[in-house]
Every structure is written in C-alpha cells, then in structure tokens.
Amino acid sequence: MKRTPTAEEREREAKKLRLLEELEDTWLPYLTPKDDEFYQQWQLKYPKLILREASSVSEELHKEVQEAFLTLHKHGCLFRDLVRIQGKDLLTPVSRILIGNPGCTYKYLNTRLFTVPWPVKGSNIKHTEAEIAAACETFLKLNDYLQIETIQALEELAAKEKANEDAVPLCMSADFPRVGMGSSYNGQDEVDIKSRAAYNVTLLNFMDPQKMPYLKEEPYFGMGKMAVSWHHDENLVDRSAVAVYSYSCEGPEEESEDDSHLEGRDPDIWHVGFKISWDIETPGLAIPLHQGDCYFMLDDLNATHQHCVLAGSQPRFSSTHRVAECSTGTLDYILQRCQLALQNVCDDVDNDDVSLKSFEPAVLKQGEEIHNEVEFEWLRQFWFQGNRYRKCTDWWCQPMAQLEALWKKMEGVTNAVLHEVKREGLPVEQRNEILTAILASLTARQNLRREWHARCQSRIARTLPADQKPECRPYWEKDDASMPLPFDLTDIVSELRGQLLEAKP
C-alpha cells in the first residue's frame, strides 16, 4: 500500500523542483579554501559553523577514537539502514550505529534507532565483547570532550553577539585565543548553553566509496559525489548544537600540485557542504575534512542551513554527537505510557480475560492511541532491524519482551471494548460514542500492520543478511488461540464502520 506523502514532504519536494527549474542547466556557485573570498563568505553567511583542526585535539584522544572506530567495524557493528522516504524503502549507502544514554532512541527518515549504551555513571551494562565495551566508553569520552568544546564555542558566540561583533572564530587551531564571557553573561545563559550541548547520543557513520559506485551527484552546485544528500538533522532539541569528529582512513590527505589548478573541490578528499536553505544567491561552501578534524553546527544553523557530505576516495568514519529530542523517545517514556493505558484494566480478574474500569470514550481513545504507539513506534521499529543489536549488547532484550507483554495486554483491552460495543442493551448513543472514539486508531492499526508486513516482505528486505533481515513482529496466524484478536483487522474495522453509518440519521 503506497503511503500518501505528508504536506511537509510535498512542500519540500515542490521547493526542490522549483529550485532545479530555476537553475536549468547552470550550477550555483560554491567556494572552497582555494577561493579568495572563501573565508570572508564563511564569516558573513555561515558564522555559526566552526571547524576545529585535528591539531587542536590530543594525540591520545585521536588514537583512542580511531581505534574504537576500527574495533566496531571489525566486529560488524555498523549497519546500513532500510529507511522509508516518500513511501519507498531505500538502503542507505552509509553504515551506522547509535551509541548513547541507556534507553535512548533517535529517529531519522522514519526509522527509530536504539542506542547501544555507553557506560554512564551508575549503569550496569553488558556488551558482547570487552572490545565493544571499551569502544563505547571511548565515544563517551569523546562526547565529554566535544561537549566542553561546544560550550566554549557557544560562550564565544554569545559574547561576540552581545558585543555586536559580526564574526566568530572559523578555524580554531590549538593556539586560538579564548574569548571569555562579558559582564552581561548571566547564570540563565550558562544553563541554556549547557543544555544545548548536552549530547545524549552519537550516530556513528562509515562508508567506503570504492564499494559504492552508484553514489548520487550533488544536484545544485556540481560538487561531485555525495555520501549523504542535502538535509537538516532531524529529531533534535531546538537550537541545540551538533558536533562531528571526522576520520578518513589512510589516503591522499593533501591536494597534489597537479590538482591546484582544478576548479571546485578535490574529489579525493572528503568534504562537508553547506548552503542556506532554498537560497540561490549565496554561494555554498565545501569544507575539506582531514583526518581528525571536528566541526560544530551551533545554535539555529541546522534549521537555517542544509548540509551534505561529499565523498572522497578513501573509507571514512564519523561520530556525530547530538542532543536528541527524547521527550517521546526513551524506554522510560514508553513504559509510562503503557502504564497509563493499562490503568483502565481491573487488577482483580483471575483468568486471562481483561475487564475494564471505564468505557468513557476519552479513556478508550487514549488507550487505543497508546496501543498504536507501542506497536508501531517501538516493537515493529525494533524488530524491523532484525537482530542487529545483539551483535553489541543484550541490553534491549528484556525491555522489548516487557513492552511486548504490555502490548499483548492492550490487545485484550481492545477485545474487551469490542465486546462492550456488541453488548445487548447498550444505549445506541453510548455505542456510537465508543465507536467514534476507537475507530480511527483501529483503522490506522490495520493500515500500518499491512504496510509493515509488506515492508518486511519487500525484495530489498530479502537481500539483507540473516541477522539484519526484518522480522514482522508481533505477528500471528488466525488460529492462534493465545491472541484475543486477529492480526488482520479488516473485517472488524469494516463492521464497526458499518455500525456507525447505520446509526447516523
């Protein structure tokens, strides 16, 4: 079943088409460090983008981080994601793993990634290999370092803005003079700045361009092959920073003299591209990334600008540290939601039957919405990614089993509601109120089950290795006596809709 694009997706696609039409066969201008106006343009139009050269980071940290990348790659911990874009399933050219606070998730391109936990204070985490545990600890150490650097950069930005200066440091080397906060800097600013740099996850990326011959060409500026297309990072706390550590493996790190006369960027070196969203007047930037360089996107840069990653010739890792918007994306959150939904269940029933305290329409509506949330935002998202997380840790096994048990109880709740709707003697008005309260959720449930089942059976899904193959879970056959309702709700939804239509004058 083809999904209808959202209004936001349609608007974005329309903007893209209009921009390409305006360009016709011409390229927009972009600048690299070889261009005389490169740094001036950076200062004027991209002041919240900061590059910190590799030389400003300690050799010890470089060594630890780069070994951690290679360790995770050796153990097969990074995976290409089967993502959903405008109703189509696509396999990302980049392999990824999410590391971060225990129980956190991060959603991008309609895919919820679950953290391989790093060892935060007070946690007791078991990884499958000691080397994997050590690598996760290293990325927590890098996270702490980048958080400190981000806070410093945000303080410098705040100080300069308050002093009405129109420049921030662009390329901060090891001996860059630090700027302190002015007297107008207050405690609330400090709290705000720290929260914007409170990185709770890092999304690790890896790609070997030699094994990806079909990479897309950058469409607006002619920047060459893209590893990651133009985008804003999704699902982040508003105005929070993003910090990226880049590690391109051994290869040509400097432009050769023969290439110095070439226009545009060196295709052998990885770059990050920046442009102002939907702006065809301001030149874009292509910033070369050498081994161990870090860059920071501060304040609202991620909202006002788009960025892409331009492939070099050598394999590259990156660690992208983010303040993920987790208000609806933690294990604690979804467990609390499940408990809220099940507050309506009577606890004194001895058998497996579910008895409800209330048939108040608002209570039933909330319960069915939570039922959908745990099924489609958590269980199906997790199992669609196969058994990949077991490569690193069993941390999610028990929570997923717990969520599935709670979800199964919610199936019993839905069954109890349907029994009530059919009960003889139930006033017509009350029946209609219940039907109106639950029908939208049940219709969505049926449609989404069909969609997820089809995704798991798709041709591209069948090509994945066994441990990454999507699993349609929960799934059960019609004759499964342990389940109160069928997997396919078509007949039930049709019957309920018919009852509601009959009742209308």
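Backbone N, Cα and C define each Cβ position, glycine as well.
Quick look at what Swiss-Prot lists:
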BINDING   Arg96, Tyr108, His231, His232, Asp233, Glu234  substrate binding site
BINDING   Asn205, Tyr295, Arg316, Phe317, Ser318, Thr320, Arg322  2-oxoglutarate binding site
BINDING   His231, Asp233, His307  Fe cation binding site
MOD_RES   Thr4  phosphothreonine
MOD_RES   Lys216  N6-acetyllysine
REGION    32-327  region 'Fe2OG dioxygenase domain'
REGION    213-224  region 'Loop L1'
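All features noted in Swiss-Prot, drawn onto the structure.
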{"residue": "Arg96", "record": "substrate binding site", "DSSP class": "strand"}
{"residue": "Tyr108", "record": "substrate binding site", "DSSP class": "strand"}
{"residue": "Asn205", "record": "2-oxoglutarate binding site", "DSSP class": "strand"}
{"residue": "His232", "record": "substrate binding site", "DSSP class": "coil"}
{"residue": "Tyr295", "record": "2-oxoglutarate binding site", "DSSP class": "strand"}
{"residue": "Ser318", "record": "2-oxoglutarate binding site", "DSSP class": "strand"}
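Separating the Cα atoms of Tyr295 (2-oxoglutarate binding site) and His232 (substrate binding site) is a whole-number distance of 15 Å. If you check the binding-site residues Arg96, Tyr108, His231, His232, Glu234 against Asn205 (2-oxoglutarate binding site), the ones with a Cα inside 10 Å of its Cα are Arg96.
With every protein chain in view, the residue among the recorded positions Lys216, His231, His232, Arg322 whose Cβ has the most Cβ partners within 10 Å turns out to be Arg322.
For Asp233 (substrate binding site), other Cβ atoms within 10 Å of its Cβ number 18.
Within the set of binding-site residues (Asn205, Ser318, Thr320), the lowest number of other Cβ atoms found within 10 Å of a Cβ is recorded at Thr320. Listed in chain order, the extra residues whose Cβ falls within 8 Å of the Cβ center of the Fe cation site residues His231, Asp233, His307 are Val228, Trp230, His232, Asn302, Gln306, Cys308.
The helix, strand and coil residue counts that DSSP assigns across the region 'Loop L1' (213-224) are 0 helix, 1 strand, 11 coil. Reported as a whole number, the C-alpha separation between Thr320 (2-oxoglutarate binding site) and His307 (Fe cation binding site) equals 13 Å. For the binding-site residues listed here (Tyr108, Phe317), the lowest count of other CB atoms within 10 A around the CB belongs to Tyr108. Within 10 Å of the Cβ of Glu234 (substrate binding site) there are 14 other Cβ atoms, across all protein chains.
For Arg316 (2-oxoglutarate binding site) paired with Arg96 (substrate binding site), the C-alpha to C-alpha distance reads 12 Å. All protein chains shown were included, and the count of other CB atoms within 10 Å of the CB of Arg316 (2-oxoglutarate binding site) stands at 24. Comparing Lys216 (N6-acetyllysine) with His232 (substrate binding site), their Cα atoms are 18 Å apart once rounded. The binding residues for substrate are recorded as Arg96, Tyr108, His231, His232, Asp233, Glu234; their greatest pairwise CA distance is 17 Å.
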